Amino acid sequence: MKKPIIILNYKTYTESLGDKGRELTWAARDLMRETGIRIIVCPQTPELHHHKGYDIEVFAQHVDPIEPGSHTGHVLPQTLQACGVTGSLINHSEDRMPAEKIKQCVEILRKLGMTSIVCAESIEKVKEVSAFKPDFVAIEPPELIGSGIPVSKADPDIVTKSVEAVTDPNVKVLCGAGISKGEDVKAALELGTVGVLLASGVVKAKDPKAALKDLVTFT
Ligand SMILES: O=C[C@H](O)COP(=O)(O)O
């Protein structure tokens, strides 16, 4: 079985703040070295700088489609780069954006050589945003987010149909929502995705490092 890509979103959980967040980043880095599985962490925006230089890819949870200038309170892609960030989630279910802005974000990130992961809540949305040619589209049914019920098992159809909906071979499909175990990751791969986007199953686990390890135990 091919190796999955694992995107770990720290959201705004207190369990991922400060030292605890950095320990999680280090644990992900160690696991990546051990297994060769690509793991990307997405800490909270104000803390991104503290995750720089640990030999693991760090992405933002959000970016705004802006150029340097007067945009108080926005997240400038170039600032993310200065923090060692090499990509970003866009249009997460908890931070939606109009389609035009999604497109602009993807284009700006591409111009800067950064990776884009656009989240989508439906097959129609997957089809729409994949036309913007992001690096990844992540299908996430909102009702399963944070539920502990894995999308790859609860709604395999939405995953396979999302994979079918993306006709551009350069746009890879991830799935997310309720993923917490190695068997969920395995199911996601079997449905044709290249990996998973997850948060609570690891960040809020009693033992996040053990949960992270379990995630890559799927053979
Ligand atoms: O960004 C992550 C997704 O919203 C999934 O969250 P979850 O793993 O807590 O269900």
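Cβ atoms here come from the backbone N, Cα and C positions, even for glycine.
Please treat TrEMBL annotations as automatic predictions, because they have not gone through curation.
Owing to the predicted nature of the structure, the values given are computational and were not obtained by experimental measurement.
Gly178 is the only one of Gly18, Gly178, Gly182, Gly192 that TrEMBL places in the substrate site (with Asn9, Tyr10, Lys11, Ile145, Ala199, Ser200).
Ligand 1 lies within reach of Asn9, Gly178, Ser200 from the binding-site residues Asn9, Tyr10, Gly178, Ser200, judged by a C-beta closer than 6 angstroms to any of its atoms. Here the binding-site residues are Asn9, Ser200, and the one with the most other Cβ atoms within 10 Å of its Cβ is Asn9. Of all the recorded positions listed here (Lys11, His92), it is Lys11 whose C-beta has the fewest other C-beta atoms within 10 angstroms.
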